[in-house]
Amino acid sequence: RYRGLTLVLTFLCYTSYHLSRKPISIVKSQLHPNCSALGPNPRNDSNSSAWCSWAPFDGDNYKELFGALDNAFLVAYAIGMFISGIFGERLPLRYYLSGGMLLSGLFTALFGLGYFWDIHVLWYFIVMQVCNGLVQTTGWPAVVACVGNWFGKGKRGLIMGIWNSHTSVGNILGSLIAGIWVSSAWGLSFVVPGIIIAAVGVLCFFFLVEYPEDVGCSPPLHHVMTTTAKDPEGVMSNEGPLSNSGRSSSDRSDSPKEPGEEPEAISFLGALRIPGVVEFSLCLLFAKLVSYTFLYWLPLYIVNVAHFGAKKAGDLSTLFDVGGILGGIFAGLISDYTGGRATTCCVMLVIAAPMLFLYNHVGQNGIGTSIVMLIICGVLVNGPYALITTAVSADLGTHESLKGNAKALSTVTAIIDGTGSIGAALGPLLAGLISPTGWNNVFYMLIAADVSACLLLARVVVKEVRGWCGSMARKRGY
């Protein structure tokens, strides 16, 4: 029951984080709409082609300003993430997570209040984005650490693949909620999500349980011992309430320890030395670059290329996130079955590159084609991203080289996601700079990023393939 409660609460927490990030991509098309479609200019003292735009986004450089808004959030997020994991290992996760959610709700709402307060200066919106980016770094290391504390190695890919759908669910809900007010009062597109994330933060404060030991449950086994290697279900069965019978020596070694026996939290450099952390971190940099470019620019791309309205483009962009849900589950299931996390990521990245090319060239030929291509691209782009940030991060944060030290999950997760967030910052920025030269060039940039992500995992893939070959040779008696 406690494991189920942890999954549900952390799911709601990170759903609300992404729900509060999505409105900016929906509102962009309303900050600089096609004014000619609204009729003649009623104000003779303003620019005839941008009289209905919201200053300071009413100039010809509006795409660069939108890129600056995205970059302000994402650079702050990337920098803050490397620090956040260190704090997450040393502070109570419940306080850290709920405090971050309350602050995130505040800054999200303040961005939207700029509409009601009639604010037209760029620095105000930039400052709100920077502050929100910093406080949102409290979310990911904390929720992954909580789930990692409760779930062991067995079926982690599938469980966390399903759980990771919170990212796409948050994006979908954020798009739909923001779309309700985008054309009438776009400030509410931020204020309402801000209220929602703050409310979920209060819920988290009262009900989240950080460690199984806090409620008298045994911690999970993060590694399959020799005696249980042939019984993966046996590993999972040891994650229930404490019992005096049926406990193996390996279970007893994971029993709650006295406060004096608690190991120290791992250092930043110590986390980098864990095998695979550097490779997966750099791979995520390019994978997240692609995912976040879609997150921030897809609605505007649909408006410009397919010529839909702001609300319809926002609704259509949610199909990319629907594909992301399926991709995360599919990647987790396959990687659990094969034991090849890196190989699963590489295969999906290789297929993603030609699919991105096809979407750009034929994706807008009809509504049916657009729907199918958006879902396929969502599966292939977000599948590897979801797998690395969840199951891979949890695997590396409980790596056998740590010798049972549980105080590494948050730091390892922060390093991987922080490195990925550098790519998340670069993607929308590059899209803002490249898009004036044509959307084709933006997609060429995304395809190059996918190929780079795949190449960075080559060493780990070779290691996994050698492991499979060795296993098959042993089975055949060679």
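The backbone N, Cα and C atoms fix where each Cβ goes, glycine too.
Automatic prediction, not curation, is the source of TrEMBL annotations.
Ranges compared are 300-317, 318-335, and TrEMBL records transmembrane segment for 318-335.
Within the same chain, the transmembrane segment (277-298) stays apart from the transmembrane segment (95-117): fewer than three Cβ pairs sit under 8 Å, each pair at least 6 residues apart. The transmembrane segment (318-335) makes contact with the transmembrane segment (163-182): 3 or more of their CB pairs lie within 8 A, with pairs spaced 6 or more apart in sequence. Packing against the transmembrane segment (95-117) from elsewhere in the chain are residues 13, 16-17, 20, 23-24, 54, 87-88, 124-125, 128-129, 131-132, 135-139, 142-143, 146, 185-191, 193-202, 204-205, 208: each is 6 or more residues past its ends and has a CB under 8 Å from a CB in it. In this chain, the transmembrane segment (408-430) lies in contact with the transmembrane segment (65-88); the count of Cβ pairs under 8 Å, excluding pairs fewer than 6 apart in sequence, is at least 3.
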